Every structure is written in C-alpha cells, then in structure tokens.
Amino acid sequence: MTKPLTLHDTAHAKINLFLHVTGRRPDGYHLLDSLAVFAGAGDRISAEKHDSECLLSITGPFSVGLSASDDNLVLKAAHALRQKAGITQGVHLTLEKNLPVASGIGGGSADAASALRLLSTLWEVDPALLPNIAPTLGADVPVCLGQTPTRMLGIGEILEAGPTLPEGGILLANPGIGVSTPDIFRRFSQTGGPQPRTAPILPMHWENMQHLASTLTDTTNDLQPPAVSLAPIINETLAAIATLPNCLLSRMSGSGATCFGLFPTAENAHAAAQILREHHNWWIWGGAFASTEK
Ligand code: C5P
C-alpha cells in the first residue's frame, strides 16, 4: 500500500510594524493603515486526503483549550473552499499550534490562509479563488495568504506590496495573556478614536535594520495605549524588550498582547531571546524574518 500524500505548510506569525487606525466604517469595523511582515516563527499545518469529511487534529504547545470543531478557522477555510470550488473530497488537517492564541500575530488568520494554500494544492483548485475566500474568514486572512511584507489598507482587505525587508532580526514576546481584539478596539474608541494624521511614506527598500527602525519612529501602533490600559503587563514586556542588547525598537503587534523587538541581525535577536528567557517565563522567540529565512 502506498503512503497517502501529506502536504505541509508553515503559517508564519504576522507582525504589524506599525498600525494606524484612520477611521471607522458604519458597520463598526475600523479603517487601518498598517505594514505587516512575517517572522520565521509559525504554526505548522499538514493536509492528507480523506474520503469525504473534513477533519482537524490539533497538537503543539498552544493546543490546549483550542476547539477542533467546525468553528475553528482552519475547518471554516476548508468548508468555504469546498463550497466555492464544488469539491466533494475530504481532508484530514493537522495543526501544530506553536504560536500563542489571541495574541496579535495572526494566529488563527495565518492558519486559515495556510489551510487555503494547502487545500488548493491537495484538491487541485485554482489558487486565483483564494483571495475571494480569504476576507470572508477574517480581516487578517488576506495578508496571511502571501506572507510577504504588505501595506494593509481598508479594514485589511486592500493590500499593496510593501518594501523589501533587509536581513535582520526580530524577537517576539507574549507575557502569557490573550486579549480580545473587539475589546481593544472598543477601548480605542472610548479613549478618543481615530485622529487625523498624514500617511507614512516608506522607501522602496531599507538598507539595513537601523534604517528600518528609524523610519518607524514616525509611526505608532494606535492599539498599543488601549491594550496597555486593559493589560498593563504589556508595558512591562515592551520595557523588557527595549533594554535587551542591540534592540533598535520595541512595539506591540496588532491588538496585542505580543510585543516585538527589532535587531540588526537574526543572531542578535536569538541571543536577546535567550537573555529574556532567563528573566521571564513568557513565550519568547528570536530569529529572522520569514522572507529571508528560506
Ligand atoms: O475580522 P476579525 O475576526 O479578525 O476581527 C475581529 C474583531 O476586531 C471584529 O469583530 C471587530 O470588532 C474588530 N476589527 C475592527 N476593524 C478591523 C479589524 C477587526 O474593528 N479592521
């Protein structure tokens, strides 16, 4: 008997290098201007053909408490693609959950995008269908389809290629708390809401990480103050990252609570992660960006 074909994919962590909230739509969703990049860290997803059902198994350090039922975004993605493409085949998907959940680095969105990529190969579906399905699954799913530096506009569905990243290092730290994205947006609205500002002008590419960090100093993550007010440990996380050797910038990603630090090299970020682990029992990762790691 031949072994069934199994396909593998990595759902890389999405980092918002800046995130400006520029307005609010009548349906309550917020208009954003954000630069998303991807770190080497990620969940691993595999897909194996199955008769007619779509099944999901979840393993890995952050699998505890996650539902493997139809409300999981990975299965939602599978069902949406089956419906759109008229597929009757099934799949057995396995999600190795390495990234903390509800933590501002894509997580479920990256997993859903990864499932779409795998299933379009497994079921031989035209990949051109995927960008139509992605936004129906979540605001961050479209950007996670490409996993390359991308400027996100609208509510995250208008995507423009971002500048090429230099070789460099990134550190991620989550202080062990999950925060609710709607709660953070609600607090943002209660504390002033979107403010008028000029859109950042970015270069075509950055010469090095020092150049990248210096252009980011004119930007912010607008969700950081409301997130800190709901979860003050985020401030402690940001301060701990900022004091690590060679750290160029520390900031929160997405709606938090994961914070990141930028470093001149991947080795610097890796070494900084080891120092941070000596002092904190947090989830900590340090290494290269996804695009420069391959
Ligand atoms: O689309 P997603 O499920 O990722 O969004 C979660 C929640 O975050 C939304 O229900 C909404 O409250 C908030 N959100 C927003 N504006 C965005 C993205 C998300 O207000 N652009």
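Indices start at 1 and increase along the chain as displayed.
Including glycine, each Cβ sits where the backbone N, Cα and C put it.
Please treat TrEMBL annotations as automatic predictions, because they have not gone through curation.
Fair warning: this is a prediction, and the values are worked out from it, not measured in the lab.
Some features that TrEMBL has for this protein:
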ACT_SITE  LYS14  active site
ACT_SITE  ASP140  active site
BINDING   PRO100, VAL101, ALA102, SER103, GLY104, ILE105, GLY106, GLY107, GLY108, SER109, ALA110  ATP binding site
DOMAIN    72-144  domain 'GHMP kinase N-terminal'
DOMAIN    210-279  domain 'GHMP kinase C-terminal'
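If you take every residue in the domain 'GHMP kinase C-terminal' (210-279) and average the pLDDT, you get 98. Long-range C-beta contacts of GLY108 (ATP binding site), restricted to its own chain and to partners at least six residues apart, with a cutoff below 8 Å, comprise ASN72, LEU73, VAL74, VAL101, GLY138.
For ASP140 (active site), the binding-site residues whose C-alpha atoms fall inside a 10 Å radius of its own C-alpha are ALA110, out of PRO100, ALA102, ALA110. Long-range Cβ neighbours of LYS14 (active site) (same chain, at least 6 residues apart, Cβ-Cβ under 8 Å): ALA36, VAL37, PHE38, ILE105, GLY106, SER109, ALA110, ASP140, VAL143, CYS144, SER253, GLY254. Of the chain residues outside the ATP site list PRO100, VAL101, ALA102, SER103, GLY104, ILE105, GLY106, GLY107, GLY108, SER109, ALA110, ALA13, LYS14, LEU99, GLY254, THR258 have their Cβ within 8 Å of the site's Cβ mean position. Cβ neighbours of PRO100 (ATP binding site) (same chain, under 8 Å, six or more residues apart in sequence): PHE62, GLY107, ASN174, GLY176, GLY178, THR258, TRP283. With every protein chain in view, the residue among the recorded positions GLY104, ASP140 whose Cβ has the most Cβ partners within 10 Å turns out to be GLY104.
Comparing local CB density within 10 A for the binding-site residues ALA102, ALA110, the maximum falls on ALA110.
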